[in-house]
């Protein structure tokens, strides 16, 4: 048995989740960890690996202006720009491992830096920056109304809204999320050639100006229990179109978030829980 592990690398990790959106978190600050997409896929397998929606790497900051660097990989091994639920778990990991004693930290990402503020032991507030409604090349889309776009599917044109929260989102307003064909439409839109890097697709049911329900198809993954950046994107669309107030409770399959946005020219905030499940190690 000892010979089996002789040429393998031991990796310590934590299993965490935010509203059942689950993560494998690895501390890479003192020990550089390189994982290929093939290895990440194997680790993400819920039957033969650890099992997770995303892998989060905690890295040393490359700048004096930020405290840490935050990297995110989907279960298929692709590195992505943003994960809101992951950001809260990233912050809790830093606290639990004694890597910071600050009440507020600034972390760098593949795109824009994020501010993480610790409100209570497991309730965390993240500054997700200002939503970007102008990041798409819209030449291939028909502008139906202000920030309403028509995407041609197999049998119909679907009205949606496009916004970036550091990663791309397509928001569809529905009367009820209960019977929404999340995986069918989500997969169809994600594979549309107008989104060469894919897109996260969310179905939003507005209950009132302070409360929405949301189901999310995450690119390269499928429907997930929760997606923090999707909650931010949906609320941003609702506020921009004056359908929602500046503080909104978002009900996802995995739990609830609070999203706060005062409007254009200001940052958007996400408030929600993070949970540590267990620590472990694996040989690869």
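Just so you know, glycine gets a Cβ as well, placed from its N, Cα and C.
Marked as substrate binding site by Swiss-Prot on the basis of sequence analysis: 21, 54, 74, 84, 85, 167, 200, 218, 219, 228, 229. For the recorded site, residue 200 (substrate binding site), the DSSP three-state label reads strand. Sequence-distant contacts (6 or more apart, same chain, Cβ under 8 Å) of residue 200 (substrate binding site) comprise 167, 168, 169, 170, 216, 217, 218, 219, 227, 229, 230, 233.
The active site, proton donor feature in Swiss-Prot is assigned to 83; the stated evidence is sequence analysis. There are 28 other CB atoms within 10 A of the CB of residue 83 (active site, proton donor), with all protein chains counted.
Here the Cβ of residue 227 (active site, proton acceptor) has 35 other Cβ atoms within 10 Å, regardless of which shown protein chain they belong to. Among the features that Swiss-Prot reports, active site, proton acceptor is placed at 227.
Sequence annotations record features per position, and here Swiss-Prot assigns site 'Important for dimerization' to 278. The 10 Å shell around the Cβ of residue 278 (site 'Important for dimerization') contains 8 further Cβ atoms across the protein chains shown.
Most Cβ neighbours within 10 Å, among the binding-site residues 21, 74, 85, 229: 85 holds that distinction in the structure as shown. For residue 278 (site 'Important for dimerization'), the nearest of the recorded positions 21, 74, 83, 85 in terms of C-alpha separation is 21. Annotation note: residue 83 (active site, proton donor) sits in a coil segment as assigned by DSSP. Apart from 21, 54, 74, 84, 85, 167, 200, 218, 219, 228, 229, the substrate site neighbourhood in this chain, defined by C-beta within 8 angstroms of the site C-beta centre, holds 53, 72, 80, 82, 83, 86, 216, 224, 227, 230. When the Cα atoms are compared, residue 74 (substrate binding site) and residue 83 (active site, proton donor) turn out to be 10 Å apart. DSSP assigns residue 229 (substrate binding site) to a helical segment in the three-state reduction.
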